[in-house]
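Q: Pulled the feature table from TrEMBL, pasting it below:
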type	residues	note
DOMAIN	11-478	domain 'UvrD-like helicase ATP-binding'
BINDING	Ala32, Ala33, Ala34, Gly35, Ser36, Gly37, Lys38, Thr39	ATP binding site
DOMAIN	516-802	domain 'UvrD-like helicase C-terminal'
Amino acid sequence: MIQRKAKPDSSPWTDEQWDAISAEGNNILVAAAAGSGKTAVLVERIIRKVTEAHHPADIDRMLVVTFTNAAAAEMRHRIGKVLEDKIKQHPDSVHLRRQLTLLQRAPISTLHSFCMNVVRQYYYLVDIDPQFRITDEIESELLKEEVLESLFEEEYEANNSSFFDLVDRYSGDRSDEELRRIVLQLDRFSRSHPRPEKWLRENAEKYETISAAEITSLPWYNEMIQAIKKSLVQASDLAAKAREAAEAPSGPQKYLDVIIAEYKGIAAALAETDYRRLAEAVENIPFAAKVPSITKKDEVDENLKKAAQNNRNAYKDVIGEVKKSYFTAPEEILLTDLQEMSSSIRKLMELTIEFQQRFFQEKKARGILDFSDLEHLTLRILTEERKEFAPSDIARQYSRYFHELLIDEYQDTNAVQETILTLISAGDNRFMVGDVKQSIYRFRLAEPSIFIEKYKSYSPDGSGAGLRIDLAKNFRSRKEVLQSTNYVFRQLMDESVGDIAYDDAAELKIGNTDYDESIDAETSVVLVDEANSSQKQADESDDDAEELAKSEVEAKAIAAEIQGIIESKRPVFDKSLGATRPVQYRDIVILMRSMPWAETILDELRQSGIPAYADLSSGYFHATEVQTMLSLLKIIDNPYQDIPLAAVLRSPIVGLNEEQLAAVRLYDKNGSFYSAVNRVLEGTDGKDPSLHHTLTAFKQRLEHWRNRARSGSLSRLIWQIYEETGYVAYAGGMPGGKQRQANLQALYDRAKGYEETSFRGLFRFLRFIERMEERGDDLGAARAVGEQEDVVRLMTVHKSKGLEFPVVMFTGLGKPFNMSDVNQPYLMHKELGFASKMIDPDLRTAYPSIPQQVLKNRVKNEMSAEEMRVMYVAMTRAKEKLFLIGTVSDLQKKVEKWSQAKDADDWVLPEADREKSTSFIDWLGLSLYRHRAFRDLQSAYETAKTDLAAAWAEDPSIWTVRAIKSSDLAVKQSEGEAKNHIIEQALASFKPVPGADKALEETIRDRLNWSYPFHDATVFQAKQTVTELKKDREADYSSEEFIRTFETDFAERPAFLQKDKLSAAEIGTVIHEAMERINLTKTEPEQVQEQLNEWMKNNQMHEAEAAQIAPHDISAFFSSAIGRRMKCASQVEREIPFSYLLPAHRAYSNWEGSSEERVFVQGMIDAVFREEDGTLCVVDYKTDRIRGKFDTWPNEAIQDHFFNKYKFQIDLYCEALESSWNETVAEAYLYLFDIGSTVAMKKD
């Protein structure tokens, strides 16, 4: 029974928010629209649960599940701040202080972190080593490849006919790579099901139950009939429209007889229910070869004629697609072919199951797990062994323990996660928050259907399976943004296309009325037309203006809009100022569905003087400096590779020119290039002593590197190459040098990460990189620019989710939706299973199968629904101004296409029109065509006018719609610009600059190649700090430290800088200072605050510094296990300075000098305490920023990361202390303040 509490008169919450905060008694689903304040509501609900007067809950008995670690940390921080405020109001409350202490261990985390804790605690039930670690992407991919290779080798050796048949059906002529890809995809997809093996076996059973005598035996039969009927209904509606146009006054009445006959044929097919009769009826629709011709004498309205023609063509296309999809062959042949495929399907599923079992056993043997393993092992622990999804005793313990389960971003849950949450709930204590309209993670196998099912079964009064609360008020955006969004989605989104109705409950309501009404904030639509509207315009266009690609054209349009809004000094509201200010570049974001156009747009913005930034996820492997280094690594592994060797010889590392390369080739025309190099070195003719000298030096270096590769560290080899060649410095001197150096650093980091796995060796590393390139994966260009600068940001819609921006430009709307998944020869669906084309391995032919077409139809609908949700997320990121920008090949044809929806007699556009749309621009055009703002374009393109009396024409949303010719954006380059472009291109590709002064070139080369004779003295210091040594070990002269600086004195920040927010380093210093001064007997949050106040009063700490210290964070340390031990210790020493002589080869990772050399090391140990039994323990405080950087990492993985990062430093602390005190340090710990976690640094 739902219980609602009366809202206090002084409550700042809306009625709906208050319901979400206070209601209890059953499961609750909160459908929280964009900008509705769901996080604040969630925090307030938790606070009220733990602070209510009667029967308050302990916070550690509330499971709070978030989507990312950053969200969990933010949630914990918000709750902590509220608890601190309440403690100030009620300083005597023991319960509140207890909650603040419990907060640090409260289960506020991602579901993966929760699962990790379950597996760690009950590891013995699933036979797992409790010391497992989480594998990373590199290790997982390499291990999968290894396991799959072994499995396939065994199958080939076994001469299994079913396996050979499978290979013939699902592989190409040259390799079995396609079959391997199917197995890996089946593995990944099936693991989103609570019982992966069962799902795979059921797929095989679907084919084995097919009867050759009856098509109704198909498991997909009902779905197929529904799909056919749906298409016939669409065809019938289109035929009715064609007939209406033909019958209208001045309509093409000559078409009537043909259209009516065809319409009746479609109606006859629609009346059939049996497959055979349906096939016959569709085949017998009497399509005329042509319609009667119409002349000017007939006085037919051209728009009506076009409407009749277009609708007739459309319904003929629909029927043609039905024939091609479902009636390709007689029923008996279709069924027989499916039966013949059943053995191959069975073998494919068994092969996948075998792969999964072997892969898991291999991970288990290596002591590693992945995130999916955590979920499935947790399921095993929580369920009875022989009862499917029956809760185990452990599950029942959890359900009794947790007072409530609160799940954020519930729309992105999958079936496995839903099952886990169901098992640990009490049946009526789940509080789920989300917005299915923002479910855009299909690629992560999220299932919005889980949210939708509850949305439909829960009711606003709680009388159904649970209580549904709609938070529809948006407090983020201006009303103009909300009205525009509502106008579009009211027409586009319903249950048939979009999965959910965009009704009154789903519409965005205005929640923020503080915006200045006098500021124009209409939604701007910019349509870039690549086609010339008339021959006259084509004749008048500038002959020299080049035809620009779509991305270039749109980039210019975007740049023009940004320049316009910046020059207008449009006011935007700044929350930090509490007032408006002129718009800045950092207020603007460019959103895209994906990033292929990002580089083009960035280039155009920069050329236009607009600072811009994008965290690119592609382009890394195409970067010249990365390709050069990978080529060098390839020939270190195997020099008999012609293309990589030639690339290295031509690169700045060796420096041969084209003529010299050709000369080398002539020494051995038929052998490998490496053989030719050796022939040059063997020669004594002395034709080119310079070439001989260069290749000799290169060969010596190559052999040296090859020897290093056989026995040494891969990452150290790469860094040695950087140092010995000076290649990083060289790259830094090129255009975009900072980015190039960051890319080279990323390659080194990738190699270092590879070495932390259970794999070793250069060959394996190169193979992994090759696999990434083959799959189209990309490391992304390394970041070299911060996002906090005053720059326009470019990002994907997915990246923007959860964020908000004053000005949003949603671009690339004309790009077709990526439907590549639908067009695959094989498809997978959680309900419909697996399907592929009919494949004849003997004839090597393939044609569509009924299961494939059924799955294709369903998957396409689900993908379209997700694209619609992506569009919704993009539009709702805007706070004040929204731009929608797209480029089309021919706007005239587009407008004509959109005009077909003008006569729709309902707010929701016809289903067929929405399903046929292939881009965001189509959905937008169909919606806007009926708005009064589109009138000018209707006139310009001479299409039918909108009925301004219709409700959708008079909608209050305000739009401006502009069409721009691409020819107007083409800019002729001047001679100077062209020359600069040539020079820039030459420099970017490391090629000679045309017309360069050769003598000057040689002088510059000599100066660049000069080496200081006492190099070691410039690199290695005789005196160092522990921090600098750790950086050396960690970064090996990273890109930011390439030129060493030896600063020993640090001046205080100038007063004018002290007014600004403290830097991360200064915040760390302040926290260390507080930990040094804190009274160990006064560590409760309010006591910490009192001490801070005292320090400020005595001028021992600035107010700005004290503001950076959260008392509950300090208190949390002393509430932790290690903090409590420190408080009880017999001796505590803090901030202990030390000096220590360390062997140089240990101090410097690349030291090659005398082993007798020593380095004088100085450092400061944060804290050391001695317990009653004499045990010495070292503690080091870390204030590294973790939230936002390790969003998807479980706590265990974070601990492993920091253990490896600081191991050298802590080992050195312990060694120095032991040497100085002549005692053994038994334990050492890091304490991570940002997440309140302890890392043990001395492991057995």
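Using the three backbone atoms N, Cα and C, a Cβ is placed for every residue, glycine included.
No curator has checked TrEMBL annotations; they are predicted automatically.
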Q: Just name the winner among Ser36, Thr39 (the binding-site residues) by count of other CB atoms within 10 A of its CB.
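A: Per the Cβ count within 10 Å, the most buried is Ser36.
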Q: To see if you understand the setup: which same-chain residues, six or more apart in sequence, place their Cβ under 8 Å from that of Ala32 (ATP binding site)?
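A: Residues satisfying the criterion: Lys38, Val41, Val433, Gly434, Asp435, Leu471.
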Q: So around the ATP site, Ala32, Ala33, Ala34, Gly35, Ser36, Gly37, Lys38, Thr39 aside, which residues have their CB within 8 A of the centroid of those CB atoms?
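A: Here the nearby residues are Val41, Asp435, Leu471, Asn474, Phe475, Arg476.
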Q: Taking the Cβ of each of the binding-site residues and counting other Cβ atoms inside 10 Å, which one has the highest number: Ala33, Ala34?
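A: That would be Ala33, with the highest Cβ count within 10 Å.
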Q: Where does Ala33 (ATP binding site) sit in DSSP terms: helix, strand, or coil?
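A: Coil, per DSSP.
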Q: Measuring CB to CB from Gly35 (ATP binding site), give everything in the same chain under 8 Å that is also at least six residues away in sequence.
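A: Expected: Asn474, Phe475, Arg476, Ser477, Leu508, Gly511, Glu804, Thr876.
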Q: Taking the Cβ of Lys38 (ATP binding site) as centre, how many other Cβ atoms lie within 10 Å?
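A: I count 21 other Cβ atoms within 10 Å of it.
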Q: For Lys38 (ATP binding site), name the DSSP secondary structure in the helix/strand/coil scheme.
A: helix
Q: State the count of C-beta atoms found within 10 angstroms of the C-beta of Gly37 (ATP binding site), not counting that atom itself.
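A: Result for Gly37 (ATP binding site): 20 neighbouring Cβ atoms inside 10 Å.
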Q: Could you pull the average pLDDT for the domain 'UvrD-like helicase ATP-binding' (11-478)?
A: 92
